[in-house]
Each structure stands twice: as structure tokens, then as C-alpha cells.
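For reference, TrEMBL has these:
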- His127, His236, Glu438, Tyr478: Zn(2+) binding site (BINDING)
- 186-197: compositional bias 'Polar residues' (COMPBIAS)
- 37-342: domain 'Neutral/alkaline non-lysosomal ceramidase N-terminal' (DOMAIN)
- 181-204: region 'Disordered' (REGION)
Amino acid sequence: MTAVSVTLIVLLVTRESDTAGETDPPAPTSDPQHSPYLIGVGRADCTGPPAEIPLMGYAQSSQLAAGIHTRLYSRAFIVDDGRKRVVFVTADVGMISQRLRLEVLRALRVKYGDLYRQDNVALSGTHTHCGLGGFFQYTLFMLSSKGYIPESVQPLVDGIVKSIDIAHRNMRPGRIYRKRGDLGGSSLNRSPHSYMNNPEEERHRYETNTDNQVVVLKFTDLDGDGIGMLSWFAVHAVSMNYTNRMVSSDNMGHASYLMEQDKNPGELPGQGGFVAGFSSSNLGDVTPNIKGPFCINTMKPCDYLNSSCPVGGTKMCQAFGPGNDMFESTRIIGHNIYMKAKVSTCKPALGHSFAAGTTDGGGDLNFTQGATDGDPFWNGIRDALVGPPSNETQDCHHPKPILFSTGEINWPLPWHPQIIDVQIITVGSVAIVAVPGEFTTMSGRRLRAAVKQELESDGVNRDWEVVLAGLSNVYTHYITTFEEYQVQRYEGASTIFGPHTLSAYLQKYAGLARAIAQDEVSKLPPGPEPPFFEKNLFNLLSAATLDRKPDNTSFGDVLQQVYPVYRPVRPSDKTFVTVEIFDNRTETWEIVHTDASWETRFHWLKGSNRQSNATVEWHIPATAQAGSYRIQHFGHCKQLKGLQTVITPYSGSSDTFTVTPSFYHL
């Protein structure tokens with residue numbers, strides 16, 4: 001749903017809080033159980049210098065940084081329930097070393113006193129194997145990463161602290177929602193022989209030898225608008241293999257990239273208010289290289305017990321991801337994780353098959369059930385009457401061809417509700433689930449099963465009778481299963497919130513049932529109130545009254561003129577690369593990609609005689625806008641002038657080139 005009324009599940013946090021610190025957010029109320037949390041989210045760059053510093057993870061001495069695949073970020077989340085405050089940071093780094101944690105805590109103590117300290121600040125690494133090393137203080141780790149490297153440590157410390165600073169400044173009242181699901185096809189146990197050595201009884205409790213659980217926390221403000229999310233999934237960030245020398249956030253970072261680009265439309269990577277953290281979990285024996293290990297010299301499976309090859313030993317045994325190369329594998333695994341965390345409903349819309357009717361009463365026009373392609377004739381009439389659906393809504397509802405994008409039409413009033421009540425009433429051991437629409441047979445069965453499972457989770461009452469009371473409280477047409485939705489008969493075309501409508505309802509009703517079972521209903525916050533329109537809903541407007549204007553003015557006078565000159569803010573201080581398109585209307589260059597973008601790759605190669613080379617690649621997507629482009633590179637050079645070392649900025653720009661529409665891309 002766009003928002004949910006009545007009651008919603010809220011997560012409780014348990015950490016100690018203090019009120020000191022600079023620029024403190026508003027003080028919480030005295031009754032946190034019935035009040036919103038204070039929530040802050042923040043993101044900051046922690047990439048560091050992408051040249052000649054060892055990459056941390058594979059322990060390959062030859063794997064020195066030489067460019068950027070994607071930038072690295074620290075993402076901070078602060079939650080205060082009125083009594084206790086916690087900070088959780090997930091950073092694009094191989095791991096959090098003790099030295100790194102101590103340096104961050106020292107910096108926080110200087111800025112905030114005892115507000116953020118050892119017992120309420122948790123730092124976690126995504127476990128990318130393509131971030132800079134050199135942030136350890138113990139001998140073994142220093143040996144594998146060429147020692148303690150301040151040039152690597154300082155950007156990490158600064159980035160983590162800055163992300164916490166931003167989250168601290170942005171704290172506001174809000175709510176937290178929890179979701180759990182399973183993600184298959186994105187992980188593989190790389191030591192199945194060891195796993196099988198666990199007790200059989202214990203292994204039989206689980207369906208797979210990898211932990212496929214995905215847990216998501218969604219953070220919203222009091223209006224229900226998302227401000228961030230935090231997710232955990234167990235998989236190694238090793239889709240980018242040990243041959244790579246570009247700094248990369250790998251699959252988990254790509255999931256964050258996709259979610260943040262989705263939630264911050266029009267913003268460059270690393271910008272925008274919505275912060276999406278994808279954190280590591282129990283990934284010790286879990287690989288994203290799901291094709292499994294093969295001997296790269298024979299392409300036969302490696303030895304099961306010792307993961308070696310007859311010729312070449314363990315060096316020849318290598319696992320492969322789902323893509324044709326490491327870049328595609330990173331994209332696929334990251335996209336899978338992102339999609340599992342993203343699952344959400346769409347703005348309301350009705351499909352073409354809605355107009356076909358059912359076997360109980362067919363439509364009068366030439367519409368048929370099962371239509372997954374729109375009719376150009378009716379689409380043209382729709383566009384002329386109410387306008388076309390947005391690309392976002394069309395993509396969200398796929399494979400439904402949209403007849404009316406009702407969630408994007410608000411005249412003379414909204415065409416469909418966007419705040420939906422979910423409610424469960426219990427009478428003894430009978431649970432009456434009041435559902436806001438027409439559930440199909442299987443979707444109703446799934447909802448009953450989910451509610452019953454949660455009600456009986458306390459182990460006390462095992463005899464709950466769950467009934468669905470349809471068409472209750474608010475009407476939202478139909479609710480099909482995801483599988484039924486793909487067929488796009490009348491019911492699927494009338495599932496107005498898109499293919500994941502049932503999943504959203506399952507989450508909300510299961511949360512209500514859980515609260516009932518745990519006797520915590522009183523702790524649930526109310527959701528937003530639906531609008532109450534006045535009774536004369538379609539009363540036509542009377543003739544407009546006369547307009548008045550101030551003395552000595554005319555209608556159409558400009559009250560405040562524009563400034564004569566505006567300058568765009570250039571992010572060149574935080575990027576080595578920009579891809580820019582020329583705007584013919586303003587005759588200016590507009591940045592469309594930086595080195596944080598998935599489509600760009602920045603390679604740095606140290607040449608002979610202290611002459612280094614930078615190579616910039618732009619992998620042009622099929623969706624790129626046609627036009628004139630240029631690529632710019634920004635950097636700093638270190639020179640000796642007299643007896644002093646001077647570091648000066650430089651930049652270079654390609655010639656203008658043209659991108660034309662692909663012959664194969666519609």
C-alpha cells in the first residue's frame with residue numbers, strides 16, 4: 001500500500017541514549033511506546049585514493065588499486081526510542097578492523113562527547129574484496145596489506161564519521177517497519193562437505209545449506225514517506241574476482257546503488273536523501289558464484305573434498321557467477337538482492353482486461369481477458385481523455401497493460417484510495433480478518449495461513465479459526481497471487497496495486513496477528529488517517545468570482561524576478577570522471593554520470609618514468625538520451641617546484657561526440 005491505516009508493526013530497539021552533542025535533534029517525548037522514533041540516515045563517500053594501495057580481501061599482493069569501478073560509501077542509521085539511542089553503520093569495506101573502530105570512536109568522542117560511544121555504535125563492513133586495505137594494527141593483517149596506510153585509513157574514518165554526522169543532523173520523528181523473506185538463486189554453499197558434517201537432526205531443520213533469509217527495515221517519516229532502508233543477506237561480496245584492480249563495492253554495493261537510484265530519481269549516485277544500506281550477515285561459507293567451481297584448464301568440476309584440480313591444484317579451481325563476466329555477475333546478484341528488498345506495491349491502475357468483464361458479465365467493448373499487450377486504439381482514447389500512465393507506473397505494473405492509471409489521476413478527486421485500512425478482530429479463538437477487496441481463492445488461502453501461523457506462534461492457542469471478511473472498510477478491487485497476476489485475466493487486471501499487492505497484505509496482516517499473539521496491540525502506532533472529502537463531492541463549481549489586484553499593478557506582473565545568472569553545482573571535487581550531455585536549450589553541459597555510476601569505469605595505470613595514464617570507459621546504456629556528449633577527467637598531480645612539493649588540480653576533456661538512438665531499442 002502507499003500507506004497503511006489502523007495499525008502497523010514497529011520494531012523496538014535497545015541501546016542506551018544520551019542527550020549531549022552538537023546540533024541535537026528534537027528531544028523525544030516521555031512515552032516512547034506510543035510515540036514515533038527519532039530516526040536519522042546519512043551517507044558519505046569513503047573511497048580513498050584508487051591507486052597503488054592493496055585491495056583487501058583476496059590477499060593477492062599484485063592486486064593493487066588502479067582505478068574505480070564504483071565508489072565506496074558509508075551509510076549510517078540512528079534510532080532513538082526516547083530512552084535509548086543506537087547507531088548502525090554499514091560501510092563498503094572488506095571488514096571493520098579494531099583500529100578502524102577505535103579511530104572512529106575517538107573522532108565521535110571529540111565531536112559528541114558521550115552521546116555516541118562503544119556500547120551504542122556498531123560498525124559493519126559489506127565484505128567487498130575490492131576496497132582499499134591498510135587499516136589494521138595487527139601484524140598478520142599488516143603483512144597482507146603492506147602495512148598500516150594512513151592514506152587509506154583517513155578517508156574511511158572521515159567517511160564513516162561524516163555519515164553519522166549527516167544522520168545526526170537529519171534526525172526526525174518517524175516509524176520503522178520490518179519485513180522478512182527468502183531469496184533463492186543468489187548464493188551457494190562453497191563448503192558443502194563441511195556443512196554435511198553437522199548433526200543430521202540439526203540440518204533437517206532447514207531446507208537449504210545456505211541461509212536465504214532477507215530481513216529489511218524500512219524507515220519512514222510520519223507522513224509515511226520513505227527516508228531509508230537497511231537489509232541483511234548472507235552472501236560473500238566476491239562477484240568481482242581477484243583479477244580486478246578497480247575499487248568496487250561489489251554486489252552488495254550495487255544493490256544499494258540500485259535502491260538509491262530508484263528512490264532518489266534524477267539524482268547522481270551518492271546523492272539524494274534516501275539511504276539504502278545492504279549489510280553482510282552469516283556469509284562465511286556462502287558464495288555468489290552460483291555456477292559452482294570448475295577447473296579452469298579443463299572446465300571439469302573440481303574435486304569435491306579438497307576443491308583442487310588434477311593439474312594445477314587449488315589455483316586452477318575457480319567458481320563462476322551467473323553472468324558472462326564478473327561485471328555482469330555483480331550486476332545480476334546485486335539486482336536480485338535489491339529486488340527482494342524492494343518488493344512494494346504500485347500506484348493504483350486498472351488493466352485492459354478490466355474492461356473485458358468476467359464470465360458472470362462481460363464487457364460491451366472489444367476487450368478480452370488475458371490481455372498482456374495494450375490496444376493502440378484504446379490507448380489513444382485514454383491519452384486524450386486522462387493522459388498516459390507514467391513510465392514508472394507501467395514498469396511497476398508489468399505485465400499489465402494499463403488502461404487507466406488511476407493513482408496518477410486526481411481530478412476532480414483521487415480516482416482510487418491510497419491509504420488502506422488493515423484490521424483483525426478476535427472473538428474468542430476466532431480471528432475475523434477484514435480485507436479491503438476481493439481476494440481470489442489462493443490469495444485468500446495464503447492470507448489465512450499466514451495469519452494463523454502468527455496467531456499460534458506463542459504456542460499457547462493452537463486452535464485459531466481464521467475467517468476472511470471480504471470487501472471491508474475500503475474497496476480496492478481485487479487481490480490475486482503474483483502467479484495469477486501474470487496471466488492478466490479480469491481479476492489480475494483489477495489488482496490495482498500491482499503484482500506484489502498480496503505480498504504487502506501478507507506482511508501487514510501477519511504483523512497484526514503477531515502483535516495479537518504477543519499481547520502488544522496497544523504498542524502499535526496508528527497509521528495515517530484517510531482523507532474525508534466533503535459531502536457534495538461532485539457539486540460543480542459556480543461561476544468564478546471577480547479577481548482583484550493591488551493598486552498600481554496589472555494582472556500578470558512578476559512579483560520577484562529571476563536572477564540574471566545561475567551556476568550549476570559541479571561535483572568534480574568528489575569524482576574523477578563526469579559524462580556530460582549538452583543541453584541545447586540552455587547551451588550548458590549537464591552531468592549525467594560520475595565515477596560512482598554503474599555505467600562508468602575509471603582505470604589508472606602507473607606508467608614508466610613517473611608518467612601515469614588514466615582510461616575512462618562509458619558503457620552506454622540502451623536508455624541513454626540521444627545527443628551530444630563529452631567525457632571529463634579530474635585529478636591532481638604532484639610536482640616538484642624548486643625545493644617544494646606542490647599538488648595542483650588538473651582536468652581533461654574529450655571532444656564532443658554524438659549518441660544516437662539504437663536501431664534495436666524501442
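The chain as shown is numbered from 1 upward.
Glycine is treated like the rest: Cβ placed from N, Cα and C.
What TrEMBL says about a protein is an automatic prediction, not a curated fact.
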PLDDT averaged over the residues of the domain 'Neutral/alkaline non-lysosomal ceramidase N-terminal' (37-342): 91
Within the compositional bias 'Polar residues' (186-197), residues counted as helix, strand or coil by DSSP: 4 helix, 2 strand, 6 coil
Tertiary neighbours of His127 (Zn(2+) binding site) (same chain, Cβ under 8 Å, six or more apart): Gly57, Gly94, Met95, His236, Ala237, Met252, Ser280, Leu283
Which of His236, Glu438, Tyr478, all binding-site residues, has a Cβ with the fewest other Cβ atoms inside 10 Å: Glu438
